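In what follows, a structure is listed as C-alpha cells, so that the remarks can point back to it.
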Amino acid sequence: MLSSTNSENPAPISTSFLECSVTEPRKELQGSRDAHVSYLIITKTNSPLFTRPECKVRRRFSDFVKLQEILSRLNEDCVVPPLPAKHKLEYIKGNRFSDNFIYRRASLLNRYITRCAFHPVLHRSPHFIAFLENPNWNNYVRYFIQPKLNTTSKLDEFSDSLLNAFSKLKEEPTEFDIQRDHVQQFMLGISNLETSIQRIVRLEKTLETDYEDVSAQFDRLASLDQTLEIPVESIHQALQKTGEEYSFLIEKLTLLLDTIKDVQSYAQSLKELLKRRDQKQQDVEALQEYSSKLSLERDKISSGGSNGFSFSKTFDDLRGVDHNDSRLKRLEQVQSELQAVEQAIQEASIVHEAFNQRVREESKLFDNVRQSEMLSAINDYANVHVEFFTNIRELWLHAKQ
C-alpha cells in the first residue's frame, strides 16, 4: 500500500508502498555567504517507478521551493501541498540557523513530503521521484525541467487570472459553490482557533515569567530565615520547575500552531484550485458567447440584412462592389469561423468536465488529509496538556512532602 512514515494521513489500498521522511537537518558552509541548512530525505519503496528500493539524498530549502514550483506549474488540476512560509520573523531577527527554527522547519517539510507521497498523482510524477532519488537534482532541473517551465510564463498565467477575475460565472454549479463556502468557513474557523491559541500562549509566557519571579522571592526568603530554609527551598524548586514546565508547554504549543497554519495554507491551495476550475468554465462560457454572436451575424447576413454602416455601403457602391458576392463571401467566412468556434467549445468542454472531475477527487483527498491531520493535532493538544498537568501535580505533591 502507499504509505508514509508520518501516520497522520490514511493510506489508500494499493500493492505498492512509498515511505518518505525528512530528518537530520545539518548546517552547511557556516560562516560563508552560502551558509544554509540541508535536510536528509529517506525514501523506501517497492514501486517500479524508482531505480532502487531505498534512497537517501540531502536537499536545502531552495530545492523544496523549486520542486513546489515544478509541481504547481505542471499539475494545475491538483491541490499541490504548500511549503512552510519562507519569510518569517526569525529571518529578520537573524535566527534562521537557530535549533528551534530548524527543527520546526524540518517538521513542516516532513509533512510536505508526506502529503506529496500520499497524493495519487504527485507521487507518480517523474519530477517528484527525481527530487527523492536523483543526486544531481540541480542539473536535472536546469536541463530537463526549466525549458518546460519557460514555455508557459508566469506573466501569461497571471494575465489569464487577472482577466477572469473581472468576469463572473453565468451559472455557478451548486456542488462547487458549496465546496467553496465550506473551505472558506473552515479557513475562518482555523484562523479564529489560531488567534485563540496565540492568546493562550501569550498568557502562558506571562505565567512562566511570574513563576520565575515568585520562585526568586522564595529563594530570598529562605536566605533570611534559616528555620524556613528546607520547606521554602522545596517550594522554590517547585515554582522554578513549574516555570520550566510552562516553557516546555509553550514550545509544544508553538509546534501545534505551525500545524494549524500549515493546514490553513493547505485549505488555501484547494481554494485556488476552485478558482482555476472557474477559469475553465469561464473559457467555455466566453466561447459560447462568441458563438452566439457569430450565429446572430450569420442569420443577419443570410436574411440579407445590412452588412455594415451606411457609409461603408455607400463607399462600396462608389467602388462598384457586388454586394451579393460580398455578402456570400462574408457568410462563408462567418460560417467557417463559427465551425472553428464550435470545435473549440467541444474541446474546452471536455477539458472543463475533466477538470471538474479532478476537482471532485482533489476535494475528497483534501478532506481525508485535513480530517486526519486535525484529529492528530487535537490528540497532540490533549496529550500535551495531560503531560503538563501530570508533571505539575507530581511537582507539588513532592513539594508538599
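All positions are counted from 1 along the displayed chain.
Note that Cβ sites are derived from N, Cα and C of the backbone, with glycine treated the same way.
Bear in mind that the values here come from a model prediction, so they are computed numbers and not experimental data.
TrEMBL tags one of the stretches 184-211, 324-351, 352-379 as coiled coil, and that stretch is 324-351. Looking at 39-66, 151-178, 263-290, the range tied to coiled coil in TrEMBL is 263-290.
Helix, strand and coil residue tallies for the domain 'PX' (17-139), in that order: 53 helix, 28 strand, 42 coil [DSSP].
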